[in-house]
């Protein structure tokens, strides 16, 4: 009996030992998988982080390429001073600012949007920029732009919104340094209002005032003063600039000004914490906010950005997390996010087979890049606030799902696409060589004028100057791309694209970020 009992004890011990061993193995496997998933969610791969950092350094250079005026610390060997007399017909100094795209126009509407988004990028991801020594260059490019906007606003109800005549400008193919044509000015005022341009410029000034609040308080105060005046001008003198100045319709036609009013008021509340602006977005949300109707963030449509920016308040601002006036913005922001995640029940079908969000033939990359930027922002708002998931119909998604989407769009842009083409000029082994850009296509020592410069447009040789950091328009719906200089639909870069590219890449320089509130 004693021997049998001993053998039973021994068998029982072995059985328990096996169970314990299995439990240990299961725990180890679970831990490894958990860590692997966590690592994958947060993109801890040093190679990926370096890739985005390298791309960011290149992307930032395009702002320098686009600068007008008397250049300071110029690092672009084929660029020089230009547009020095811009604004002279109104006794203003409008020499600074950024040329719009591959031409020599200064369009105030998209330029102001560039400043707003670049400010937002700096405010949210300035630490990441600083980690790769790009924060000061970003602020310098921003100030170059806002210096122009300040000078373009000589009195409370007057704003100069355009330098140059696009019809005249586009009849020339020359370097900005050698252009001699008359640079006409276009303005808005109480007799010819342009609410969307005034409001977008107000947003730019308000956002930039936050950027310079600590480093240059006097300049910040100046920006904020202009922002308040411009918002009042925009709100009290409502009217579309596209209606009142029909000539702009062929270039930057506005589809309405309600989104810009909400956008500007949102930035002014962040900059001032004046409840007047919060009341404005709360009271005008139903009228202008298009709640429940997700759309695409762009130079013309600020609603998705407004939805995300006001959602920020519900994440970070005590007392506003349950605000009824902000609920419509937050609900629509989540609907925007749900539309971006490929596996979401409400995912948009507007994608190429290669996985790129695709909305428009012209400047196709604007929408996927801006959407990816908003996705990283919302993801990081969730992480910072400890919010673990959003619900898309009956399916839940994590912040990491939004970042995965954002990385997919960034990776496509940088060469992970059927063409194996990096659409960020200067990044990777293959990128466009025939970019539709006057300055890049003409040798710096060429002695050409307005008309004879077209020989360089028609040249079969690659551009003699590389427009580093330019994001070209991008692929067709079938993922194809034609690298031709006269293919402006696909191969012309724009300055406002650079702002969202810098924001997106800055957000990806590190893993999922914990953000600080800037109000």
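Just so you know, glycine gets a Cβ as well, placed from its N, Cα and C.
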12-32, 33-53 - the range that TrEMBL marks as transmembrane segment: 12-32
Local Cβ density at residue 436 (active site) - other Cβ atoms counted within 10 Å: 26
Reported mean pLDDT - the domain 'Glycoside hydrolase family 9' (52-505): 97
